[in-house]
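Report on one structure; see the data block that follows.
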Amino acid sequence: MTIETTTKKRPRAARPPRPRESDAYLETVAGLLDVRDKTGYIRTHGYLPGVDDVRVPHAQIRQYGLRPGDHVVATTRKPYERLAEVESVNGSTDWRNRPDFADMTPIHPRERLRLETESVTSRVIDLFAPIGKGQRGLIVAPPKAGKTMVLQDLAAAITRNHPDCHLMVVLVGERPEEVTEMRESIHGEVAASTFDRPDRDHTALAELAVERAKRLAESGHDVVVLLDSLTRLGRAYNNLAPGGGRTLAGGLDAAALLPPRRFFGAARNLRDGGSLTILATALVETGSRMDDNLFEEFKGTGNMELRLSRALADKRLYPAVDLDASGTRREEILLDPQEHQLTWRLRRTLGGLEKQQALELLTDRLRETPSNAAFLQQVRQTT
């Protein structure tokens, strides 16, 4: 006789639920999005790579509609390989339908950046090379002509007269002590890669800075970027050029001109947005043919030029501005008709004098008058 036995299956023990990653494990990070080879990194400490940077996969960049230069606030978990959630982009929680900088219409600068302060330097610039929102300007400077002082005066004037503008100072290949001086003397964003850092850092810093400026401009902000210097940025790209391409005089690789040209060309006044003003220094009379060629390449791309004179600086005449060689294209858009007529009359009067005599006369008269308006009235009465 066969006895059938049935074995009752024991119910499988329920697998304990996986521990849920609670919000207690989330960390909030904030920084600028830098995209390299389709992979993004949130730079949490400035513009250069750091140990606490957060990796953002390309899929998440597309998912959230992020762009290089965005200031992102997000949550993440260690080991910082992806984001958990994006909370805001450039201070906004509604960023997906924003306009694209490349699709916006550039127009001539129409709104003037008033630079006049107690400083004679800013008053001279305001008279002879007026700057508008969206200007693309070159500050052409030989060594020891006072370009750093000019930049500091420009930064101080913009901060004081236009606190609504977002000021960015980009220093490429500068001395560390000058970076410190700039950070302590201005109220604005300072992004710096000192001369002892590799060329790759110089170019990465500049690229992220201009993308940051574009994101602000397309959002309706007025941005002013002071770059020191366009020449050193061009040198860095030239050193990183792969070689084998067309080489210009002075050992300048033709391919190395495109990235700094793209940086400088980003300056524009946007019809339906904000504006991006770029004032960049260009070094001349350095004894390097490469520097001269870099300047010649950018000479015709700007719409404003302020030229400094080594001869005037050697005589301790500051600001060492070459008045005849400095000026702004389409300045009549920025100036009212009477002011435009008086500045032309002033130019003709000073143009008949030697450069040293003209600058001394101008600066003396400016110090005697409380404002440029009062000075121009004096010009009207005496010429």
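Here, residue 1 is simply the first one shown, and the rest follow in order.
In case you wondered, yes, glycine gets a Cβ from its N, Cα and C as well.
Within ARG123, ARG160, ARG175, the residue that Swiss-Prot lists together with GLY132, LYS133, GLY134, GLN135, ARG136, GLY137, LYS144, ALA145, GLY146, LYS147, THR148, MET149 for binding ATP is ARG175. According to DSSP, ARG175 (ATP binding site) sits in a coil region rather than a helix or strand. Over all protein chains present, the Cβ of GLY134 (ATP binding site) has 26 other Cβ atoms lying within 10 Å. In this structure the residues listed as binding ATP are GLY132, LYS133, GLY134, GLN135, ARG136, GLY137, LYS144, ALA145, GLY146, LYS147, THR148, MET149, ARG175; their two most distant Cα atoms lie 30 Å apart. For ARG175 (ATP binding site), the same-chain residues lying six or more positions away in sequence with a CB closer than 8 A to its CB are THR194, PHE195. Residues in the domain 'Rho RNA-BD' (26-93) partition by DSSP class (helix H, G, I; strand E, B; coil) as 7 helix, 32 strand, 29 coil.
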